[in-house]
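Report on the following structure.
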Amino acid sequence: MSATFYPYVGAFIWISILLVGGAFLRNKISFLQNRLIPSSLIGGVIGFVLLNTGLIGMPTPEGWVTIPSKVFGVMVFHLFAFGFVGIGLLQQDKKVDSGKSTWLQNGALWMAFMYCLVYAVQGVTGKSIFEFARMITGGEFFTGFGYLVGSGFSQSPGAAQAFGTIWESTYGVHGASSVGLAFGAMGFLCAICLGIPLANRGIKNGWVADKSSKSLPTSLLTGMMGKGEATECTRTTTHPANIDNLAFHLAIMGALYGVGYVFALAWSVNMPKGINGLGFGLLYTWGMIAGLVTRKVLDKINRLHVLDNATVRGVTSSTIDYMICAVFMGISMSDIQAIIVPFLCTVAVAAIVTYLLILWFARRMPEYGFERGLAILGCYTGTVASGILLLRIVDPDFKSPAAVELAVMNVFILPLIQLVYLNLPFIPTEGSIMLPIFIAYIVVMPIALFFFKFVQKRAW
């Protein structure tokens with residue numbers, strides 16, 4: 001039986017240990033508390049160091065065997081795709097539905113325009129730096145790697161890895177998935193390193209809408225609820241004598257993930273070479289669509305009440321925590337060693353440009369510019385979770401509409417950004433039109449921001 005533990009069960013155990021260790025360190029070390037660094041990020045960084053020094057492994061009958069980084073990369077792929085099933089199943093809160101008529105005023109459309117602009121600027125920045133590095137050094141590396149900074153920062157590490165996996169499997173671009181993971185991991189670090197000081201600066205200078213000075217609750221700083229502070233977080237929709245509520249929701253998500261797998265397999269087998277790699281590369285999309293269709297069907301037959309939003313959100317959030325930790329452990333230094341200079345330059349320049357770009361437009365947003373700008377800074381370098389984390393510092397009671405808008409903005413983002421998503425898998429092909437598409441977004445999005453009067457006199 002011991003053979004069944006290697007490598008994936010062992011990898012799962014390691015991620016679990018590092019998450020618990022990260023939670024313990026966050027609970028005890030004030031440096032981590034003051035910067036609100038999540039346990040998944042703490043554990044992931046520790047795991048990255050341990051893995052690249054050969055210390056991540058497990059005991060077997062043959063002795064100590066190391067676990068390669070690719071194992072954790074595979075886990076990132078599945079955790080990311082499985083989480084998207086939950087995103088598809090999530091129902092919109094009623095308070096979001098009731099605000100449809102005010103989306104243009106409350107910033108969701110602004111966030112969507114900014115997403116497209118930032119994504120395009122990040123992509124052009126990365127491509128330009130990699131092209132310049134190859135011109136200077138004469139290296140043989142693939143300059144299209146630079147485009148992955150946009151996926152890693154503005155989407156997520158899982159998305160960057162998914163596109164990288166397509167490049168590897170379909171076009172033979174070696175190390176693309178690892179590069180995507182690396183950009184995603186660095187994005188989380190940038191969200192913390194840039195976002196926390198900006199939040200504190202905003203409070204100090206009075207840029208926040210809520211001027212009442214409130215200290216962050218102890219539970220938020222330490223990352224653990226105090227004794228007697230625990231709260232219920234789910235609503236049971238099944239009778240425990242029949243099936244446990246969590247087991248029921250996991251079963252639904254697991255079954256839908258299977259549907260996504262079957263569709264991905266059918267695509268990869270039946271589609272022509274060149275696009276057959278999209279089958280499994282876009283597994284997260286098929287899983288999300290399966291979740292969306294299931295939710296619509298349940299709503300149509302008046303059975304949507306069997307799904308509990310809090311439970312689905314809890315499972316999805318758990319996959320994100322595991323994924324973030326695994327992202328750092330899926331990075332092998334040997335895969336990015338040949339491009340380390342353009343890689344680090346791209347991260348630094350893209351982070352600074354993103355910061356300055358968001359700051360310029362946020363300062364000219366008519367209302368709640370600081371809260372909205374801070375939220376998307378965390379989101380467009382990390383994920384929505386890091387955006388919410390930063391927003392919580394300046395708006396602990398979520399009095400501004402920014403938190404709701406982070407959810408609503410996807411309604412606008414998906415149709416606006418489709419041209420980018422459809423072309424990213426084909427970047428390694430001859431005649432790729434990705435660069436002109438990004439340039440078009442860089443031209444059109446500022447025009448849209450001015451047209452909708454999202455750019456006015458500087459407010460702070």
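Each residue's number is its place along the chain shown, starting with 1.
Just so it is clear, glycine is given a Cβ too, placed from its N, Cα and C backbone atoms.
Values in this document were obtained by computation on a predicted structure and should not be read as measured data.
According to TrEMBL, the features are:
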{"type": "TRANSMEM", "residues": "6-25", "note": "transmembrane segment"}
{"type": "TRANSMEM", "residues": "37-59", "note": "transmembrane segment"}
{"type": "TRANSMEM", "residues": "71-90", "note": "transmembrane segment"}
{"type": "TRANSMEM", "residues": "102-121", "note": "transmembrane segment"}
{"type": "TRANSMEM", "residues": "179-199", "note": "transmembrane segment"}
{"type": "TRANSMEM", "residues": "246-269", "note": "transmembrane segment"}
{"type": "TRANSMEM", "residues": "275-294", "note": "transmembrane segment"}
{"type": "TRANSMEM", "residues": "339-362", "note": "transmembrane segment"}
{"type": "TRANSMEM", "residues": "374-394", "note": "transmembrane segment"}
{"type": "TRANSMEM", "residues": "406-427", "note": "transmembrane segment"}
{"type": "TRANSMEM", "residues": "433-455", "note": "transmembrane segment"}
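By number of Cβ pairs under 8 Å, the transmembrane segment (246-269) is matched best by 275-294 from the list 6-25, 102-121, 275-294, 339-362, 433-455. Beyond the ends of the transmembrane segment (102-121), by six or more residues, the same chain brings 150, 154-155, 353-354, 357-358, 361, 365, 367-368, 372, 375-376, 380, 401-402, 404-406, 408-409, 411-413, 416-417, 420, 437-439, 441-442, 445-446, 448-449, 452, 454 to within a C-beta distance below 8 angstroms of the stretch. The stretches the transmembrane segment (374-394) and the transmembrane segment (179-199) are in mutual contact, each linked to the other by at least three Cβ pairs under 8 Å (pairs 6 or more apart in sequence).
Contact between the transmembrane segment (6-25) and the transmembrane segment (406-427) is absent: fewer than three CB pairs lie under 8 Å, with pairs separated by 6 or more positions in sequence. By number of Cβ pairs under 8 Å, the transmembrane segment (71-90) is matched best by 275-294 from the list 37-59, 179-199, 275-294, 339-362, 406-427. Only residues 6 or more beyond the boundaries of the transmembrane segment (406-427), in the same chain, are considered here, and those with a CB under 8 A from a CB of the stretch are 92-93, 96, 99, 103, 108-109, 111-113, 115-116, 119-120, 123, 144, 147, 151, 163, 166-167, 170, 275, 277-278, 281-282, 375-376, 379, 384, 387-388, 391, 433-434, 437-438, 441. Between the transmembrane segment (37-59) and the listed ranges 179-199, 275-294, 339-362, the one holding the most Cβ pairs under 8 Å is 179-199.
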